[in-house]
Amino acid sequence: MPGSGKSTVGVLLAKSLALGFVDTDLLIQQSEGRTLQAIVDTEGYQALRRIEERVLCEVSGGHRVISTGGSAVYSERAMAHLSALGVVVFLEVTLPTLRQRLGDFSLRGISKPPEQSLEALLDERNHLYRRYADLTIVSDGRSQHEVCEAIVAGLPEEWRTS
Ligand SMILES: Nc1ncnc2c1ncn2[C@@H]1O[C@H](COP(=O)(O)OP(=O)(O)O)[C@@H](O)[C@H]1O
Ligand SMILES: O=C(O)C1=C[C@@H](OP(=O)(O)O)[C@@H](O)[C@H](O)C1
Ligand SMILES: [Mg+2]
């Protein structure tokens, strides 16, 4: 979910394991020459999901952490590609934590129908996050460093010593 810590913890994880880092939200913005919010505002959330699928399917692996947007899970094809590249980590958060971290989420370019509540979105997505996760890490009540440490501890040995 947006606000679960993928971007910030992803950087910490890359530093901790001496890996590279890429945030696919930035790849989308670079390739489109506009912000995610602008895409949602002009073409709608489904257009953003289509663009995201293309960018995710083109991303390469290697020794790096890939932080995606929270809507990556809407594409089965993209998730199959990411699964083949490495370990898919799900950062689990509850609704109160999300509300606290996101503040006014209407300005965050979330890829969802305007009428869908954050609660309904979380419920819909949690099924998908669990389906694709190789490793699930609770983010609630943990600092970003603690989340990073929990990921490292949960990774298969070959990724911890890459
Ligand atoms: N474990 C955490 N504890 C407290 N705040 C966090 C934690 N993880 C992320 N945040 C905060 O939540 C916001 C969203 O984090 P971000 O890494 O951008 O999430 P995502 O990429 O999943 O949307 C940021 O303000 C970040 O500092
Ligand atoms: O979950 C979503 O619908 C989205 C999350 C965002 O990324 P973060 O999850 O990194 O905030 C970004 O991809 C876009 O605004 C859509
Ligand atoms: Mg992010």
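Just so it is clear, glycine is given a Cβ too, placed from its N, Cα and C backbone atoms.
The feature ATP binding site is assigned by TrEMBL to GLY3, SER4, GLY5, LYS6, SER7, THR8, LYS112, ARG142. Residues annotated as Mg(2+) binding site in TrEMBL: SER7. Positions annotated as substrate binding site by TrEMBL: ASP25, ARG49, GLY70, ARG125.
What TrEMBL annotates, mapped onto the structure for a quick look.
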{"residue": "GLY3", "record": "ATP binding site", "Cβ contacts under 8 Å, 6 or more apart": "VAL93, THR97, LEU98, ARG101, LEU102, PHE105"}
{"residue": "LYS6", "record": "ATP binding site", "Cβ contacts under 8 Å, 6 or more apart": "ASP23, SER67, THR68, GLY69, GLY70, LEU91"}
{"residue": "SER7", "record": "ATP binding site", "Cβ contacts under 8 Å, 6 or more apart": "ASP23, ASP25, SER67"}
{"residue": "THR8", "record": "ATP binding site", "Cβ contacts under 8 Å, 6 or more apart": "GLN144"}
{"residue": "ARG49", "record": "substrate binding site", "Cβ contacts under 8 Å, 6 or more apart": "SER71, TYR74, SER75, SER111"}
{"residue": "LYS112", "record": "ATP binding site", "Cβ contacts under 8 Å, 6 or more apart": "TYR45, SER71, LEU121"}
{"residue": "ARG125", "record": "substrate binding site", "Cβ contacts under 8 Å, 6 or more apart": "MET1, GLY70, VAL73"}
{"residue": "ARG142", "record": "ATP binding site", "Cβ contacts under 8 Å, 6 or more apart": "ALA150"}
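Checking the binding-site residues GLY5, LYS6, THR8, ARG49, GLY70, ARG125 against ligand 3, the ones with a C-beta less than 6 Å from an atom of that molecule are LYS6. With GLY3, SER4, GLY5, LYS6, SER7, THR8, LYS112, ARG142 listed as the residues that bind ATP, the site has a largest C-alpha separation of 27 Å. Residues within less than 8 Å, Cβ to Cβ, of SER4 (ATP binding site) and separated from it by at least 6 positions along the same chain comprise GLY70, LEU91, GLU92, VAL93, LEU98, SER139. Proximity to ligand 1 at the level of Cβ atoms, with a cut-off under 6 angstroms, picks out none of the binding-site residues ASP25, ARG49, LYS112, ARG125. Around GLY5 (ATP binding site), the C-beta neighbours below 8 angstroms that are at least 6 residues distant in the chain are LEU91, VAL93, SER139, GLN144, VAL147. For ligand 2, none of the binding-site residues lies close by, meaning a CB under 6 A from one of its atoms; the full candidate list was SER4, GLY5, THR8, ARG49, ARG125, ARG142. A sphere of 10 angstroms centred on the C-beta of ASP25 (substrate binding site) encloses 22 other C-beta atoms.
Its own atom aside, the Cβ of GLY70 (substrate binding site) has 21 Cβ atoms within 10 angstroms in the protein chains shown.
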